[in-house]
Amino acid sequence: MGVGHSSLSSCSVDSLCITAFIAQPKTTSFSNSNRQKPLFPTKKQSPFAVLKIGTLNCARVAGEMEIKKGIAAAGKPIVDRHVIDDGLIQKIVYDALVWSSLHGLLVGDRNDQRSGKLPGVGMVHAPIALLPTSFPESYWKQACELAPIFNELIDRVSLDGKFLQDSLARTKKVDAFTSRLLDIHSKILEMNKKEEIRLGLHRSDYMLDEKTKLLLQIEFNTISSSFAGLGCLVTDLHRTLLNYYGEDLGLDSKRIPGNTATGQFAEALAKAWTEYNNPRAVAMIVVQTEERNMYDQHWLCTVLKERYNVRTIRKTLAEIDSEGQLLPDGTFLVGGQAVAVVYFRAGYAPTDYPSESEWRARLLMEQSSAIKCPSISYHLAGTKKIQQELAKPNVLERFLESKEDTAKLRKCFAGLWSLVDSDITKKAIEKPELFVMKPQREGGGNNIYGDDVKETLLRLQKEGSEEDAAYILMQRIFPAVSPTFLIRDGICHKDHAISELGVYSAYLRNKESVIMNDQCGYLMRTKVSSSNEGGVAAGFAVLDSIYLT
């Protein structure tokens, strides 16, 4: 997440949400369905004094009702963080750290070499904002409303192989990673293989531009849309803290929207598994060799197992190459187990393919009948170049019939240009602070900002090569800056920060039948305003939630 870039995902809540229950002095019965919200302690009883972790319960949350009630009930603006008593802050920080440790809001500790390979070893709380960030309700609703439209757009773009190949043709010449992805896509097209069951777990990232007051899209993520699991927990944490300290802060926990990202992502995966129609098959999570964000992934796997009885396995690309087998009928076996759904939490960066072994695994999966999330065509549809192509005049109309829908999408498009546009390139050299250069990469730390934009553009012009095709130019977005308390490694500090809203969505289709097309919760990420990049896993930002104003 940078200024105008994300590297860092409800309006309609009717699915699962991970919640840990707090023990009460008296026996309390819990319903496993239609529960309005997690059970919070009273003002007199600290939620951290007598606390047990209950069993995992996946409850249906009527979040929209809570939001409306909260907005009606709370008249005060979000607290002025300049004047909060230091003693109160220390108490909230301590309680937040305890809550995070007991409820699984955790990542692997970079200081422990085993933390990315072995669960339960070297854990540390996830980097978090102490309090939720204010966000206008009207823009929140806009972001939620866009989710199913973007889902439909990406699905239709994925079916147009010629559009994908033609749009990325120049990029292929200078970007080896994109070239390999396109080669796999070409082989699938040559096979005339149809992905009849298509599953997308997406996240669309936005910033609210302070000058124009427009909600502008930064990017649309089609592969490894992370932090659904931990994002739900941050929402629960902030609700818990406000339920206890709300009077002191002048804040109401009901103004934090319910977050069902984990539950609805699990529901989409389970429905895809059902469509595959092999009860003995497993869902396979494709992971990196070292994954310090494994607990975010394990939350999703736990819901799949506990709620839907779907078994999961975790494999690296190298392991898939070693253990994978493609049967004549298209069935994909890994370690002798049939795979119904392949869910990628790796494979989005060149570093995930250190040898030909990993590329063989990717091709093998694409050739199989297993449902890929994403398929190679969905992966390519989420590249920066395709984002830029879709922003051109009349291109959206190629894929969407509704004028109303195309108008809604265009309203959130920031300025996007190819480097072959000499006029915009000249402007970027003259005022580089107003632009971001983006390569076809995911995962954070890849973009070019400030004077580096000018220097890179001048170098490309001098060399006269086609390397410019590896990048796009994007309007730099300038969101409002506000004081925020950030907690990392147990240390809290106040800084001026900006935030980025990610809205999750799920799309599942079997031939002509759309089984699921829903907005699925959200992810707020906050970072100090002086930093360009903002990936949480990359160490730039913290996890946050939103407080509707």
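Just so you know, glycine gets a Cβ as well, placed from its N, Cα and C.
Those TrEMBL annotations? Automatic predictions, nothing curated.
Around the Cβ of ALA346 (substrate binding site), a 10 Å sphere holds 20 further Cβ atoms from the protein chains shown. What TrEMBL lists as substrate binding site is ARG203, 223-226, 291-293, GLN297, 345-348, ARG525, 536-537.
Just so you know, the Cβ of GLU219 (Mg(2+) binding site) picks up 23 other Cβ atoms within 10 Å once every protein chain is counted. Annotated Mg(2+) binding site per TrEMBL: GLU219, ASN221, GLU442, in sequence order.
The local packing around PRO439 (ATP binding site), expressed as other Cβ atoms within 10 Å of its Cβ over all shown chains, amounts to 17. The ATP binding site annotation in TrEMBL covers GLU219, LYS384, 438-447, TYR449, 474-477, GLU500, LYS527, GLU533.
According to TrEMBL, the feature domain 'Glutathione synthase substrate-binding' maps to 282-381.
Cβ-based crowding with a 10 Å cutoff singles out TYR348 as the top-ranked of the binding-site residues TYR348, TYR449. Listed binding-site residues near ARG203 (substrate binding site): none (candidates GLY445, TYR449, LYS527; Cα-Cα distance within 10 Å).
Cα of ASN221 (Mg(2+) binding site) to Cα of LYS527 (ATP binding site): a distance of 20 Å. When the binding-site residues ARG292, GLN297, ARG476, LYS527 are ranked by how far their Cα is from the Cα of GLU219 (Mg(2+) binding site), ARG476 comes first. When Cα-Cα distances from GLN297 (substrate binding site) are compared across the binding-site residues PRO439, TYR449, ARG476, LYS527, the shortest belongs to LYS527. Note: the CA-CA distance between TYR348 (substrate binding site) and LYS527 (ATP binding site) rounds to 23 Å. Each residue contributes its Cα atom, and for ARG476 (ATP binding site) and ARG292 (substrate binding site) these two points are 30 Å apart.
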